[in-house]
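Student: I grabbed these lines from TrEMBL:
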TRANSMEM  41-59  transmembrane segment
TRANSMEM  120-142  transmembrane segment
TRANSMEM  148-169  transmembrane segment
TRANSMEM  209-232  transmembrane segment
TRANSMEM  238-257  transmembrane segment
TRANSMEM  269-293  transmembrane segment
């Protein structure tokens, strides 16, 4: 069943990407020309921003690991972050890299569940801050809404972000983890769920640490958007940073759907959500440049 699911995700990504290339077939020469004539200094700057984002994410993860009593040097955490990015891009799910990070980070320690919880909360904080940024952009820059579906996606993201926030900061809300015990007969699984609840709830006693992690997450998310903006400048698309800040969260949310790290879904999202303003040719070219930066920096 796992193999079927894996191959299905790969098939979804490849099918969507193939369909997108087919739909854009008359514009492919224009897309190639746009990428070929893209301003190289802006692409180089976007690569630098990407590296800084990865380093920031490493500091965020280290804070969360420290709270669980798992002490790893920042150099090693940074290495794990890049390893995770590699597996995110080449495994049939966007959380594949998280599993790898948790596995290697727990090496040499008995705190495997605590390490897994840290990596899980690291991902959750990314979702929370992404939803908050999207909501703020929605109120601050309503004129940049090019597609009404963006509003729906942002609302859904905010609901999910609110639930995640409650689970982390509220003891009663966190007990939803323990609620799932009743569905399992295995004492081992029940024990693991109880320990997961305790490890998650532990962050409630590290509010300043969490605030620092959230602040880092905000900066990292904005830098990822700025990376996309630099690539947009590189192809002279003419879109504003605020436009990308409002619409990129919808693309990021869509790319979390089961696939090969959002491949196909993300590129379709660029064309669908950004194409109405910057043109579908520019939007597809931007998506390929964005993908290229991620893939190159994963190697």
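Glycine residues also receive a Cβ, built from the backbone N, Cα and C atoms like all the rest.
Whatever TrEMBL says is automated annotation, not expert-curated.
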Student: Short question: most Cβ pairs under 8 Å with the transmembrane segment (120-142), which of 148-169, 209-232, 269-293?
Tutor: 148-169
Student: Taking a Cβ cut-off under 8 Å, which residues six or more beyond the ends of the transmembrane segment (209-232) line up next to it in the same chain?
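Tutor: Same-chain residues near the transmembrane segment (209-232) but 6 or more away: 38, 42-43, 45-46, 49-50, 52-53, 56-57, 59-60, 63-64, 66-67, 122, 125-126, 128-130, 132-133, 168, 203, 239, 241, 244-245, 248, 278, 286, 289-290, 293.
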